[in-house]
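Here's the structure we're looking at; comments come further down.
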Amino acid sequence: MIQITTGLFLAMHYTPDTSTAFSSVAHITRDINYGWMIRLLHANGASLFFVCLFLHIGRGLYYGSFLSLKTWNIGTILLLTTMATAFMGYVLPWGQMSFWGATVITNLLSAIPYTGHDLVQWIWGGFSVDKPTLTRFFTFHFILPFIIMALTTIHLLFLHETGSNNPSGMTSNPDKITFHPYYTAKDIFGLTLLLLLLMNLTLFTPDLL
């Protein structure tokens with residue numbers, strides 16, 4: 001929700017045009033009220049989100065969650081979609097590095113036999129990375145988080161079909177406790193720690209991650 005909220009505010013001032021994209025990001029940082037904070041929350045929030053994702057995947061591997069095929073497959077699709085969203089977001093400021101990143105990463109598709117060259121030109125919207133590339137990247141970066149939310153719902157739906165696993169492989173039904181207040185307190189505590197970490201990152205070391 002933090003990513004979507006900050007992203008919406010950034011989208012209000014960002015211009016997906018090759019000649020003005022970098023200037024619009026500078027304008028957000030310098031001229032908009034708390035624009036610097038919104039931008040840094042969005043960037044560091046994404047990094048922290050990936051830290052949580054990798055911890056979640058590591059936990060899934062340890063608990064043998066890959067045996068729940070439907071849940072695991074949707075999770076894999078979620079990871080790939082999130083990576084694609086993050087990559088397109090990285091390109092949007094259209095600075096020297098993001099321009100180079102857009103060229104190099106998308107050009108990897110040219111390694112696909114027969115169709116690779118045409119596929120790259122189709123993604124670029126021409127013979128090189130240019131205005132059409134930036135416009136479509138902005139469009140996809142805007143819409144994909146909502147698709148991620150829908151996929152997360154499906155991910156939870158499949159999880160609730162079978163329930164979660166544990167390292168012993170034994171049923172944990174006799175050990176179950178009520179969600180509230182135990183898990184509610186645990187989740188609020190975890191969320192508070194994460195928000196504190198995010199605010200510390202954003203305000204003190206915004207370029208650390």
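The backbone N, Cα and C atoms fix where each Cβ goes, and this holds for glycine too.
These come from TrEMBL:
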- 1-168: domain 'Cytochrome b/b6 N-terminal region profile' (DOMAIN)
- 169-209: domain 'Cytochrome b/b6 C-terminal region profile' (DOMAIN)
- 40-62: transmembrane segment (TRANSMEM)
- 74-92: transmembrane segment (TRANSMEM)
- 98-116: transmembrane segment (TRANSMEM)
- 137-158: transmembrane segment (TRANSMEM)
- 188-205: transmembrane segment (TRANSMEM)
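Tertiary neighbourhood of the transmembrane segment (74-92): same-chain residues 14, 16, 21, 25, 46, 49-50, 53, 57, 60, 98-99, 101-102, 105, 133-134, 137-138, 140-141, 144-145, 147-148, 151-152, 154-155, 158, selected by CB-CB distance under 8 Å and a gap of 6+ residues from either end. Helix first, then strand, then coil: DSSP counts for the domain 'Cytochrome b/b6 C-terminal region profile' (169-209) stand at 29 helix, 0 strand, 12 coil.
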